[in-house]
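Copied over from TrEMBL, here are the features:
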DOMAIN    12-440  domain 'Major facilitator superfamily (MFS) profile'
TRANSMEM  56-81  transmembrane segment
TRANSMEM  93-113  transmembrane segment
TRANSMEM  119-141  transmembrane segment
TRANSMEM  153-171  transmembrane segment
TRANSMEM  183-204  transmembrane segment
TRANSMEM  267-291  transmembrane segment
TRANSMEM  307-327  transmembrane segment
TRANSMEM  334-358  transmembrane segment
TRANSMEM  387-409  transmembrane segment
TRANSMEM  415-436  transmembrane segment
Amino acid sequence: GRELTAVIVLATLIAAFGSSFQYGYNVATINSPSEFMKDFYNYTYYDRVGEYMNEFYLTLLWSVTVSMFPFGGFLGSLMVGRLVNNLGRKGTLLFNNIFSIVPALLMGFSDLAKSFEMIIVARVLVGICAGLSSNVVPMYLGELAPKNWRGALGVVPQLFITIGILVAQIFGLRSLLANEEGWPILLGLTGIPAVLQLLFLPFFPESPRYLLIQKKDEEAAKRALRRLRGWHDVDAEIEEILEEDRAEKAAGFISVLKLFKMRSLRWQVISIIVLMAGQQLSGVNAIYYYADQIYLSAGVKEDDVQYVTAGTGAVNVLITICAIFVVELMGRRFLLLLGFSVCFTACCVLTGALAMQVRKVGPGVHQLLGVSPPPAPIFLQSSRPAAYMVAGTVHWLSNFTVGLVFPFIQVGLGAYSFVIFAVICFLTTVYIFLIIPETKSKTFIEINQIFIKMNKVPGVHPEKEELKEFPPSTARQ
């Protein structure tokens, strides 16, 4: 049998807590103390110049602070390829802790140093950490896990992200750390998971696949596999990894530029861009980054806002846990449709509530969308790295745009800020309904056939078709 050993379970927990948890923590941590931090920006500026910032400049500086995190994420995702090949998967995660411990210290001491620039720089660095980890953790776990467990372990990082968000919201209660003295500590706590990961991860094996394919060290790969599987004879699995690698080499590697030029991949590329942008521009991030301001303008009492925010965080964790089980049952297409249509409804309800200042707003439903699973199965192995690059770029840049622009949208449109998100959710729902096929219980090859029909490319294009040398053994996931 191929069961999960203690080694894999512990490695999964350490990698996910050290990296994915932090990603979630840093998404949400900036929301609760925002008023105290803006005051700090203002007083610091006053100490230097002898006058306070004007409203526009303060809003701008604040949205730059918020959006530097996804901007760093974008930079981080560009560094992934080079790092995982040179340092290994585990090596990259260990190296990545620099981008967490340094900014944790910068943010923790920004108050003493009277420098808000330190916070902005730290947000870029901690973003790089998130951009790297959101790619490397799933890769590392996927390569440690036995085949039949890859799907299940793939959801662990997602779950830890939502737990990170919730923990940030709990520590961000006024009575705990979101106050005048506590906010630097709240921001600096992000270094703790990184330190723990630095202490414990070295005791776990590197990805056997990396050792075998990139390092060409079969003995090291076997040692790693023996520790991971808990039995001695791993020759069959070594052969399997080599087989997969040969299949990938036969399929060739497709660059991002080539990806955009290939007619046979046209709809897959459009779909991944629409899904990623739709997910990031659906308003979910606006709610994480600026939750308190949104609830205040919806008429929630100032003292209650923090509890409403933490409540949405808890709903988020629960929904993610449900999603893990639902994806296998219902399939991704159904979940995506559900997520975006609920999101559309939530935006409409929220707009109505803001417009009429109703106190009972249920933004928890908005969180459904955080769970829309990544559209990986619509690409074959050869084009997948390039597709991930495109997806990552669209993800982080859309996220960056929301972080930067939303405060100004709020000033401009007030109660109607979420109309924009509602429109985006609606259009994305329509797109999924019309275009995206169900990927549940289909092989990569079958999914690709569906898209080939849509791309109106004849089934076999002797010189161009991506499928041409794809051996059947690897076609099934």
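Glycine residues also receive a Cβ, built from the backbone N, Cα and C atoms like all the rest.
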Non-local residues, at least 6 beyond the ends, that sit with Cβ under 8 Å of the transmembrane segment (56-81):
26-27, 30, 34, 37-38, 41-42, 92, 99, 116, 119-120, 123-136, 285, 289-290, 385, 389, 392-393, 395-397, 399-408, 411
Any idea what the model's mean pLDDT is for the domain 'Major facilitator superfamily (MFS) profile' (12-440)?
87
Report, as numbers and ranges, which residues of the same chain sit near the transmembrane segment (267-291): CB under 8 Å and 6 or more residues beyond its ends.
27-28, 30-31, 34, 66, 70, 165, 259-260, 305, 308-309, 312, 336, 340, 343, 346-347, 363, 366-367, 369-370, 372, 375, 378-379, 383, 387, 390-391, 394-395, 398-399, 401-403, 406-407, 410, 417-418, 421-422, 424-425, 427-428, 431-432, 435-436, 451, 454-455
Take the transmembrane segment (183-204) and find every residue of the same chain, 6 or more past its ends, with a Cβ under 8 Å from one of its Cβ atoms.
7, 10-11, 14-15, 17-19, 21-22, 25-26, 29-30, 32-33, 36-37, 40, 90, 93-94, 97, 100-101, 103-105, 107-112, 119, 122, 126, 129, 168, 171-172, 177
